[in-house]
Amino acid sequence: MNNTEYYDRLGVSKDASQDDIKKAYRKMSKKYHPDINKEAGAEQKYKDVQEAYETLSDSQKRAAYDQYGAAGAQGGFGGGAGGFGGFDGGGFGGFEDIFSSFFGGGGSRNPNAPRQGDDLQYRVNLSFEEAVFGVEKEVSYNREATCGTCLGSGAKPGTAPVTCRKCHGSGVMTIDTQTPLGMMRRQVTCDICHGSGKEIKEPCQTCHGTGHEKQAHKVSVKIPAGVETGQQIRLQGQGEAGFNGGPYGDLFVILNVLPSKQFERNGSTIYYNLDISFTQAALGDTVEIPTVHGDVEMAIPAGTQTGKTFRLKGKGAPKLRGGGQGDQHVTVNIVTPTKLNDAQREALQAFAEASGEKMLHPKKKGFFDKVKDALEDI
């Protein structure tokens with residue numbers, strides 16, 4: 001066996017994350033589940049998937065498999081040709097549990113213990129204003145829910161799961177394997193009950209024995225004022241159904257704030273760029289400034305320079321932690337006109353002369369320049 005076969009069984013790459021491996025396992029396990037897939041060879045493929053996941057879901061076993069292949073994942077003690085073969089631990093009480101702990105067997109694990117369901121993620125887009133003021137949104141998504149027919153037991157109504165005849169309820173089987181390193185003992189998921197410790201004789205017709213069914217689900221999310229992109233809201237119990245009566249997982253709502261055409265924001269501070277003319281900058285003016293709270297008047301002092309920033313107190317976003325309101329910063333940009341009419345040009349020349357500025361006289365416009373200006377004015 002090469003060092004990628006387990007990855008191939010799950011349909012993932014060798015650098016797949018644990019989340020990717022878990023998702024692939026659930027997909028392939030459901031695809032080849034003997035209660036669902038009646039095709040020839042499906043049961044063997046199901047066992048192969050179980051074996052692959054047993055190794056790749058354990059970081060230590062996975063590392064050994066990547067380096068040494070299946071033999072490395074099944075054992076780790078170097079030892080003579082005999083290894084531990086033929087030694088059943090008789091008279092040593094806890095030896096089996098100790099041995100299992102080395103190989104990830106989990107001897108004390110109760111397969112029938114309630115387990116919480118998987119968490120889910122949902123991305124929500126917010127407008128700039130919704131992020132500033134807060135909003136309540138309803139989100140819709142599909143999730144694995146407790147089967148409404150069998151109420152999660154996986155068994156046909158009127159019947160009940162029974163203790164697995166092969167593993168006797170432990171959910172695992174102990175296997176001795178001859179490897180290049182010697183005889184190694186390992187624990188694998190029971191291929192009859194698939195780790196549950198229970199055997200379903202008559203599967204539920206709705207969920208086919210899984211205890212779960214895919215359902216559309218809606219939930220209302222209250223998004224507080226002042227949130228930013230990347231922040232998450234956790235909704236407890238809105239994830240996927242648990243196992244053996246365990247609770248539902250959680251839903252994590254990930255926020256994405258869409259950009260504004262007018263404003264930028266960092267935390268509780270909102271930024272706005274204001275274009276003014278050089279006469280407004282020189283003489284001063286009072287202008288209307290848009291804010292998320294409505295338009296406000298702002299005075300521009302005479303002699304204002306490009307890059308000057310003014311602060312509008314309390315016109316920013318709410319502070320998510322600690323309370324209070326942020327400010328809006330207004331940065332001035334003086335716009336130089338690209339086209340002047342004769343009156344404007346003469347006025348500026350007069351201003352330059354009055355200021356004592358020494359300027360080279362601009363080139364007088366010829367006939368074709370005047371025609372060009374006339375065409376641009378049309």
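Each residue, glycine too, has its Cβ placed from N, Cα and C.
Annotation source Swiss-Prot lists Zn(2+) 1 binding site at CYS147, CYS150, CYS204, CYS207. Per Swiss-Prot, Zn(2+) 2 binding site is recorded for CYS164, CYS167, CYS190, CYS193, and the stated evidence type is sequence analysis. Residues annotated as domain 'J' in Swiss-Prot, with sequence analysis given as evidence: 5-69. Here Swiss-Prot flags 147-154, 164-171, 190-197, 204-211 as repeat 'CXXCXGXG motif'. The zinc finger annotation in Swiss-Prot covers 134-216, and the record cites sequence analysis as its basis.
Within the set of binding-site residues CYS164, CYS167, CYS190, CYS193, the entry lying nearest in space to CYS207 (Zn(2+) 1 binding site) is CYS193 (CA atoms). For the pair formed by CYS190 (Zn(2+) 2 binding site) and CYS150 (Zn(2+) 1 binding site), distance between Cα atoms is given as 23 Å, rounded to the nearest Å. Taking CA atoms as the reference points, CYS147 (Zn(2+) 1 binding site) and CYS193 (Zn(2+) 2 binding site) are 19 Å apart. Across the structure, CYS204 (Zn(2+) 1 binding site) and CYS193 (Zn(2+) 2 binding site) place their CA atoms 15 angstrom apart.
For the pair formed by CYS164 (Zn(2+) 2 binding site) and CYS150 (Zn(2+) 1 binding site), distance between Cα atoms is given as 19 Å, rounded to the nearest Å. CYS190 (Zn(2+) 2 binding site) carries neither a helix nor a strand DSSP state and counts as coil.
Other residues of the same chain near the Zn(2+) 1 site, with their Cβ within 8 Å of the Cβ centroid of CYS147, CYS150, CYS204, CYS207, are GLY148, THR149, LEU151, GLY152, SER153, GLY154, ALA155, PRO203, GLN205, THR206, HIS208, GLY209, THR210, GLY211, HIS212, GLU213. Counting other C-beta atoms within 10 Å of each candidate's C-beta, the binding-site residues CYS167, CYS204 are led by CYS204.
Every protein chain shown contributes to the tally, and the Cβ of CYS164 (Zn(2+) 2 binding site) ends up with 22 other Cβ atoms within 10 Å. Considering other CB atoms within 10 Å as the measure, the emptiest surroundings among the binding-site residues CYS147, CYS193 are those of CYS147. Proximity of CYS150 (Zn(2+) 1 binding site) to non-local residues of its own chain (separation of 6 or more, Cβ distance below 8 Å) is seen for LYS156, PRO157, CYS204, THR206, CYS207, GLY211, given in sequence order.
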